[in-house]
Amino acid sequence: MTHGGGGRAMAQLISEIFAAAFDNPYLAQGNDMAVMPAATGRLVMSTDGYVISPLFFPGGDIGSLAVHGTINDVSMSGARALYLSASFIIEEGFPLADLKRIVQSMARASTEAGVPVVTGDTKVVERGKADGIFISTAGVGVLVDDLSISGDAIRPGDAVIISGSIGDHGVAILSKRENLDFETAIESDSAPLNGLVAAMVEAEPSIHCLRDPTRGGVAATLNELAHQSGVGFVLDEDALPIKPAVRGACELLGIDPLGIANEGKLLAFCPAEKAEALLRVMNAHPLGRDAAVIGQAVADDSRLVRLSTSFGSERVVEWLNGEQLPRIC
Amino acid sequence: MDEAAANGRRILVSGRVQGVGFRPFVYRIAHAHGLTGWVRNGAGRVIIEIAGAPEALAAFETVLIKEAPPLARPRIDLSEPASLGLFHGFEIRHSEGTEEPDIHLPPDLFCCAECVAELSDPSARRHRYPFTNCTQCGPRYTIIRALPYDRPATSMAGFPLCPDCAGEYSDPLDRRFHAQPLACPACGPRLSFVRAGAAEEHGEQALAAAVACLSAGGIVAVKGIGGYHLVCDARDEAAVARLRSRKHRPTKPFAVMIPQEGIDGLDAVRRFVSPDAAEAAAIADPARPIVLTAKRPGSGLAAGLAPGLAELGVFLPYSPLHHLLLGDFGAPIVATSGNISGEPVITDEDEAHRRLAQVADAFLDHDRPIVRPADDSVVRVIAGKARPIRIGRGVAPLEIELARPLAEPTLAVGGHMKGAIALGWGRRAVVSPHIGELDSPRSLAVFSQVAADLQALYAVEATRLVADVHPDYASTRWALSDGRPVTLVQHHVAHASAIAGENPDVARWLVFAWDGVGLGPDNELWGGEALLGAPGGFHRVGSIRQFRLVGGDKAGREPWRSAAGLMWEACHDWLPEAEGGAIARQAWEKRVRTLSTSSIGRLFDAAAALALGIERVSFEGEGPMRLEAMAEDTGGFVDLPIVEDGYGLLRLDWAPLLSPLTDPTLSPGGRAALFHESLARGLVRQALAVARHQAFDAVGLCGGVFQNRRLAERVAALFVAEGIAVHLPETVPANDGGLAFGQLIEAQARDARSL
Ligand SMILES: [Fe+3]
Ligand SMILES: [Mg+2]
Ligand SMILES: [Zn+2]
Ligand SMILES: [Zn+2]
């Protein structure tokens with residue numbers, strides 16, 4: 001792929017790739033914007049940039065990730081995600097075959113999630129001005145019900161529920177990027193959570209908060225929410241769903257599974273008495289089969305996230321920036 | 001001064017003379033010698049004006065020092081003839097308002113000989129009373145809520161004195177005169193014994209039930225001075241194994257409390273371990289620390305107490321309750337901290353019952369609240385001196401006099417492991433008891449409490465903090481979120497400054513800071529560093545050849561990772577047997593999650609893995625400890641090359657150790673001995689190489705590695721042979737427990753430099 005001279009041909013090629021992959025009436029309007037019917041209820045909007053290495057990984061690629069990530073962010077308000085936009089920054093020389101693969105994956109993800117990409121843009125930049133491809137997506141959703149799901153709404157006593165296994169995405173990315181052959185292949189959990197959320201809020205509108213533990217993992221998310229809601233959390237180590245392969249990889253590399261990214265999981269916080277019912281609804285959904293109550297919110301002025309083990313020890317789950325530097329002296 | 005008119009003397013006494021019953025002691029000996037005058041506190045000293053016959057005055061001065069209370073450390077600053085007015089008897093005067101008395105927070109004192117004797121005296125009012133104490137003995141630090149140290153400000157506030165006790169309290173000739181925790185069976189705390197499914201018992205019945213439980217192989221949580229102990233029969237292999245499995249502590253050594261018997265109290269101790277003279281003195285010290293001593297084969301103690309080690313930590317009973325318990329049980333008991341691994345010892349009944357429910361069969365409680373925890377102190381005799389491994393009950397808060405005043409009140413927060421705090425102001429520094437590893441919420445809570453309490457009790461508000469440069473140490477995070485200005489000090493510079501602070505007369509040091517890992521300014525993990533200079537100006541002149549480790553902190557618990565790091569670095573095509581070894585190799589080659597280190601602690605771990613086959617351990621330092629224990633008396637050595645790297649650092653190369661460590665013709669004990677000897681010689685040669693270009697007055701050896709007696713003593717002996725002065729830590733631990741004091745010294749030196 002080149003830019004500058006022959007740019008027109010390139011633009012042509014790119015638009016063909018997009019046209020072939022995405023097929024919906026809004027894009028078919030052929031404008032620089034999409035015109036859609038007004039939704040009733042409150043509008044929810046979110047945007048995110050996707051920069052990842054490697055671009056293709058077990059369980060997904062940057063394209064599906066850009067769709068899932070933004071749908072999930074919109075969904076964490078309890079809203080129904082309606083539309084997506086997508087913007088691409090493509091480095092000169094990026095293989096067209098890879099672009100095609102990414103765009104197709106993106107289209108497939110969008111179709112499967114039932115949230116169309118209604119408008120988009122592409123830019124090709126000089127070599128060295130980008131690292132292969134960057135994708136930005138924005139999503140619009142609508143909150144029809146009278147929900148007030150928010151990061152500051154968690155109350156002491158609330159149950160903390162995770163929708164499934166922890167750490168799959170982070171370990172999948174790491175093992176692919178570094179080309180480590182773990183005995184069991186570890187796949188990213190990248191998935192759209194809009195369907196699961198719809199089922200959850202329909203069954204239990206009393207949910208206080210939903211959050212997807214992406215970058216920084218469960219540890220960062222809970223620490224952030226502890227401050228936002230003014231509570232502490234106590235997690236039960238034995239209740240954490242972690243796949244044996246992920247656990248093994250983390251142990252070998254000295255990584256805390258709580259500190260690594262997930263792309264198809266959510267944390268839900270609801271009054272303790274609703275937890276069982278909510279869990280049943282989640283377990284009935286394919287993306288919540290392994291959902292589990294992993295702890296509870298507690299009153300704690302110091303806003304600590306604690307992990308307690310079966311033999312009674314407790315450790316503080318910290319929000320570690322970057323690589324975990326050893327502390328044993 | 002008109003000699004002819006002098007009828008008495010004015011005496012100024014300094015040292016540790018406050019909060020240890022010194023003034024009542026002065027009162028009593030003045031009376032005993034028929035002298036008149038007065039004694040009072042003033043500006044950190046005790047002032048005495050005393051008159052009487054010259055022989056009596058001379059005798060008084062001798063007794064003043066020789067027979068001082070066990071924990072007093074009096075020093076006569078001045079004794080001059082004085083012409084004094086007439087006195088009616090001898091009195092204890094109040095300090096004068098114009099002089100601001102220095103505040104001293106005494107540590108928890110042992111049970112003195114007189115009180116011990118009363119315990120077994122059927123005619124005594126406090127016969128077999130588990131909470132007896134006097135001005136010379138009893139709890140202090142752990143019961144004081146606020147200063148001045150008066151009963152209402154202690155956890156004895158809820159126990160109003162009965163008339164008999166009140167009489168003793170106000171009688172200057174009584175050894176309980178103004179003993180704040182004073183108590184008796186009529187008015188003081190009492191014991192209770194709680195066992196699931198049984199009625200609660202009190203007093204003698206409680207004690208008897210606890211002894212019966214121990215005799216039946218049970219585990220009892222006993223509330224003591226600074227917290228709970230978990231206790232079982234130290235001769236009962238099954239009980240010890242049960243305690244290990246319930247406490248999830250498979251191999252970490254247990255301390256053993258041995259009854260006090262015989263004239264020097266050590267008769268029973270000598271039946272179970274073989275202390276040398278210095279160790280015996282340490283065991284008998286009023287601080288009653290746990291002392292590491294050589295095991296005595298065939299002593300009848302359970303083998304599971306300190307598996308794989310040659311030494312056992314032993315101590316004497318230090319509270320009346322412990323004396324009664326051990327006297328009635330009649331045999332040594334395991335007395336290990338009642339805590340969850342790494343956390344501060346538990347002090348509160350409810351918390352103990354909740355968190356130790358799965359460990360203890362029963363609880364022997366009492367109703368005197370413990371205000372803040374103090375774990376038992378631990379010492380090891382190295383190079384002839386008892387050196388602290390852990391500062392705790394009986395020692396802390398540890399007062400250290402600084403050579404120069406601090407520019408401003410400063411709170412140093414220490415490291416992350418073996419957390420402890422140091423508060424400094426003026427020429428005083430105070431080190432807190434050991435808090436624990438700062439990974440748990442309880443450790444953090446105690447850390448915050450102790451930081452606040454020290455400042456409140458000494459009425460000193462620190463205006464700045466000092467912390468380690470490691471961004472993920474809980475102490476550093478705490479300091480950075482506090483709001484006060486923070487001085488960051490590199491880990492090994494703090495270690496080096498600690499030993500320099502203990503020896504202020506040494507101007508220029510070469511310090512070997514050998515430990516696990518600490519973050520270096522180059523973002524590498526230091527741990528085998530040679531630092532030249534002095535506080536405020538240490539710079540690195542030597543280190544060891546770096547190697548890379550896979551798995552971060554996991555390496556501290558899995559010595560095979562260190563072994564692999566060394567072997568791979570030295571190009572040996574070595575595959576660890578440990579699960580995951582092949583993937584670790586991939587990660588190592590691709591530099592995934594690997595960190596470069598110059599840690600001697602990890603080098604020891606590697607040696608333990610290679611020489612003894614220790615792949616995994618259950619506590620940090622287990623590999624090195626077993627390596628030391630295993631080492632045969634004599635062994636060969638290999639010369640470790642010293643290579644100057646691109647930055648002018650002299651790096652000791654460990655590579656020649658690898659083949660003897662894996663040599664099948666050598667015994668494991670021979671390999672271990674060779675490792676120690678080679679490293680000791682390597683260190684000294686490194687020092688000599690530095691000395692060729694740069695001068696220093698003394699060598700310091702610090703960091704947790706120098707808790708290794710064999711290495712430390714060998715290095716010290718080699719330096720002595722070279723005519724080079726050498727210092728080992730003596731006041732604060734060589735390990736990270738001494739870090740806070742070093743941080744204080746380093747910050748102080750930087751202030752002085754910037755003046
Ligand atoms: Fe250290
Ligand atoms: Mg986002
Ligand atoms: Zn006493
Ligand atoms: Zn009384």
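Just so you know, glycine gets a Cβ as well, placed from its N, Cα and C.
Per TrEMBL, active site is recorded for B:ARG23, B:ASN41. Under the heading domain 'Acylphosphatase-like', TrEMBL lists B:8-94. Per TrEMBL, the feature domain 'YrdC-like' maps to B:204-394.
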Distance [Cα-Cα, Å, rounded] between B:ASN41 (active site) and B:ARG23 (active site): 8
For B:ASN41 (active site), the three-state DSSP class is strand
Counting across all protein chains, other CB atoms within 10 angstroms of the CB of B:ASN41 (active site) number 21
Please average pLDDT over the domain 'Acylphosphatase-like' (B:8-94) for the predicted structure. 88
So B:ARG23 (active site), by the Cβ count within 10 Å over all chains shown, scores 22
Can you see whether DSSP assigns B:ARG23 (active site) to helix, strand or coil? helix
Which numbers of helix, strand and coil residues does DSSP report for the domain 'Acylphosphatase-like' (B:8-94)? 24 helix, 36 strand, 27 coil
